[in-house]
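Below is one structure, written out as structure tokens, with a few remarks after it.
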Amino acid sequence: MLRFLQRRNQSSAFQSFGNSKGLVASTQWDLMEKLEKAHPKRQVIAFIFMMVLVQVCSEPTTQYSILEETESGSFVPHLAKDLGLGARELAARSARVVSDDYKQRLLLDPETGDLLLREKVDREEVCSTVDPCVLHFQVTLEKPVQYFQGELLIQDINDHAPQFPEGEMLLNIPENSQPGTLLPLNLAQDLDVGSNGLQQYTVSPNSHFHVLTRNNSEGKKYPELVQDRALDREEQAELSLTLIALDGGSPPRSGTALVRILIMDINDNAPEFVNSPYEVQVLESSLPDSPVLTVFAQDADAGNFGRVSYGFFQASDEIQRTFSINKVTGEIQLKKELDFEKIKFYHVKIEATDGGGLSGKGLVIVEVLDVNDNAPELTISSLTSSVPENAPETIISIFRVGDRDSGENAKVVCSIPENLPFILKSTFKNFYTLVTESPLDRESRAEYNITIMVSDLGTPRLTTWHTITVQVSDVNDNAPAFTRTSYTMFVRENNSPALHIGTISATDSDSGSNAHITYSLLLPHDPELPLSSLISINADNGQLFALRALDYEVLQAFEFHVGATDRGSSALSSQALVRVVVLDDNDNAPFVLYPMQNASAPCTELLPRAAEPGYLVTKVVAVDRDSGQNAWLSFQLLKATEPGLFSVWAHNGEVRTSRLLSERDAPKHRLLMLVKDNGEPPRSASVTLHVLLVDGFSQPYLSLPEVAPDPTQEVEDALTVYLVIALASVSSLFLLSVVLFVGIKLCRRAREPSLGGCSVPEELFPGHMVDVSGTGTLSHNYQYEVCLTRDSGIGEFKFLKPMIPNLLVQDAGRELNENLHCRDSFVFS
């Protein structure tokens, strides 16, 4: 019969929670009506039960209940109403009901929205002995997808009566049995649960026995027959009793069994075992069906009362699975293999029963002997899989070794390979500690596989291996190392800014952040070197960049140190020397020192008409700020007034006559010379020389302009005559001075033969003298003395051949300040 609680109480105890609007189906209302007639204490207990039930019912899951054996097609609830949906909406959303036990016991009518039983439900089939019996189901909807949980409580009905396994039980009781003797009987089974289950036993009325209902260790009720009075076989040899088992259903159901009690004749002697207790030892490796021992019992009675049969008494399941006994001979055999590690001793109770029903009890103690059939075991208590390097006496692992065997078979020996920096220490009983013997070096070896070998001392020996992997974690104990102690990098001058000029590299044998290297520039030893404006370094990869264009003529080379620092917790660093050499570019044109091109008046060289071929007219002195082949200068005569009259030595810039002078040669010559370096591309400078032919050093001359003056203007200028007269007077005085000077020089040379010079008074030539040593383009050392008048328009020059060759080579330490004697003299060497 299907029962629902469709009545909603005004309190929240009978309302369902969440989106589920179904009614809580239960038997609460009926229970309340029954409790009104109950004892007041029971009403209090029932009220507490009702409050607990209300809390349970407050879960969002919708609950229904039915009685078992309800016919198929029976109405359970109106599911559409409980879910707050219309019947048509259930059909439109393809509503389905699925049970958790994968059997479709429920059926949803899509037209009415009613939940029906598909088949008759048997609580014992669904839940067996489980109480309460709850069938979980889900309602699934589509568009959108929704799930609703439901529970169907299957209430038990008293549809099973108690039933005994056998309809008849036979008891043999000696006639001398005393009142109060207890005789346990077989129990009955009832498939129903709760109050519908088995509750008590009764026996048909008689004057000799009554029955007690007791609970065994499993909580099941069994009957125990109690003798009330002494028996007399001669008066009644057999008794028949009806044993009744009753359940608590309404109405109750019952089951019966016939108990036949045979009153046996008096058997005065019970069998007795000869050597009880028996003790026997059996190897655990013994095979099944192997004999253990044979027991023997004696009975002083004769005939049937003296015939003895053997069996186990109150034997546990383990003993019955392990041993068997021959009822006639008393031989005990093994039924399965023994295991010393599980059970070391068996206490087997045996029983000898004679033909009169009397029995004697005995005990067999079976000792299982150990066989070395278990390998040693290793149990790790603690394990450190990563060990920092350089750490002494570090505990790697603590483990325990053991053997399930006994005696010598349980003694174990533990060892590790000898070629590892680890040792084993025995700490307590079978506990060992694996520690490092010496500090580890990750750079030498980063991982160790330690195989622990545990062997027992049994025969044959059994061994267990266990491998522990230990990772050596890095410690920042290695400073970065540069691939070279010093680096030399070459950069051409006039480079573009941010030019990559080279890369330095350092390695660190550590790992992780300890090996991550950062590069930096160190402060230079020379405080005047603006290193930060010249060079920058990439901190990550060590690339060096020139920040600005370098000038070889300003800075040919410079040195600085770079540092490499790792990122360890205690950072380590190293440094290397970097030398940057600036390579010269041909970026400077030759510069002419002599003759000076920026003078207010052009420089005019005097050439005697009596000069022989090869006569040194003058020497062009030029320098180049570049170096190497960029500073190798060559001289070339580009243009001359008389092309074949002069020649220029290409390597030293000396201008010499190529032939004898004639009267037809022009008195004034203009030479255009080119000074060119050897760079790529070559750079050059030009210089213009003016050469004036004179008959002698005392011949006065006038500066000739580039354009010939107008003849009519010269005639008209009367001052010319006076000028010529003045020049003649000056020339005469100059010639006299020269003669005196030559004489004095000759006298000095005669006094100092070692110098090979001419004595000339230095007081005659006051002024400033400049000494330029053999640098630049002069390949030989020469010394010339040139005296000029202070007049800006007319000057006289005195040219002498080299007086003291290699003088400055012999005394190179004399600089400009030592030779400042003549203001209007220039000395070139």
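Cβ atoms are placed via backbone N, Cα and C, with glycine included.
Heads up, TrEMBL stuff is auto-annotated, nobody curated it.
Per TrEMBL, the features are:
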- 165-273: domain 'Cadherin' (DOMAIN)
- 274-378: domain 'Cadherin' (DOMAIN)
- 379-482: domain 'Cadherin' (DOMAIN)
- 483-592: domain 'Cadherin' (DOMAIN)
- 607-707: domain 'Cadherin' (DOMAIN)
- 719-744: transmembrane segment (TRANSMEM)
| message | Averaging the per-residue pLDDT over the domain 'Cadherin' (165-273), what integer do you get? | response | 86
| Among 165-273, 274-378, 483-592, which stretch has the most Cβ pairs under 8 Å to the domain 'Cadherin' (607-707)? | 483-592
| Residues of the domain 'Cadherin' (607-707) by DSSP state, where helix covers H, G and I | 4 helix, 43 strand, 54 coil
| task | Taking helix as H, G and I and strand as E and B in DSSP, count the residues of the domain 'Cadherin' (483-592) in helix, strand and coil. | result | 8 helix, 49 strand, 53 coil
